[in-house]
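Notes to accompany the following structure.
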Amino acid sequence: PTITNDGVSIAKEIELEDPYEKIGAELVKEVAKKTDDVAGDGTTTATVLAQALVREGLRNVAAGANPLGLKRGIEKAVEKVTETLLKSAKEVETKEQIAATAGISAGDQSIGDLIAEAMDKVGNEGVITVEESNTFGLQLELTEGMRFDKG
């Protein structure tokens, strides 16, 4: 069995019979996937927010609200939220800040420390690849230049 709290992993497993429910579930899956593609984190939050928007939107439409008016209101709210988030965002610059942020995201400070070390070695333009291993523990392997895997 797989144990996860990742929104994308959970969303991928949802299969519904009802065609209308299936469309809604696919919409939420797309929200989680886009969030993962763009941010790499926050998929559970995005999924919960999408579900709340759909629930409240349907409730308002059932109560007689204009669907286009709701859409315009949501778009204005998204603009304001985005603006506010960008104003409150802080640059993560130091190795310690990277380690703290990565540790929170990974749910494990030792992973955060390893990511910070990797970022320190490759710089902002470098590529970091995370792979599963048959061995126990964490390790950092640095490849300078280019690496081509067979295939």
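If you go along the chain as it appears here, the first residue is 1 and each next one adds 1.
Here the Cβ of each residue, glycine as well, is placed from N, Cα and C on the backbone.
Annotation comment: Swiss-Prot describes D41, G42, T43, T44, T45 as ATP binding site, evidence class sequence analysis.
Other C-beta atoms found within 10 angstroms of the C-beta of G42 (ATP binding site) number 15, with every protein chain shown included. The binding-site residues in question are T44, T45, and the one with the fewest Cβ neighbours inside 10 Å is T45.
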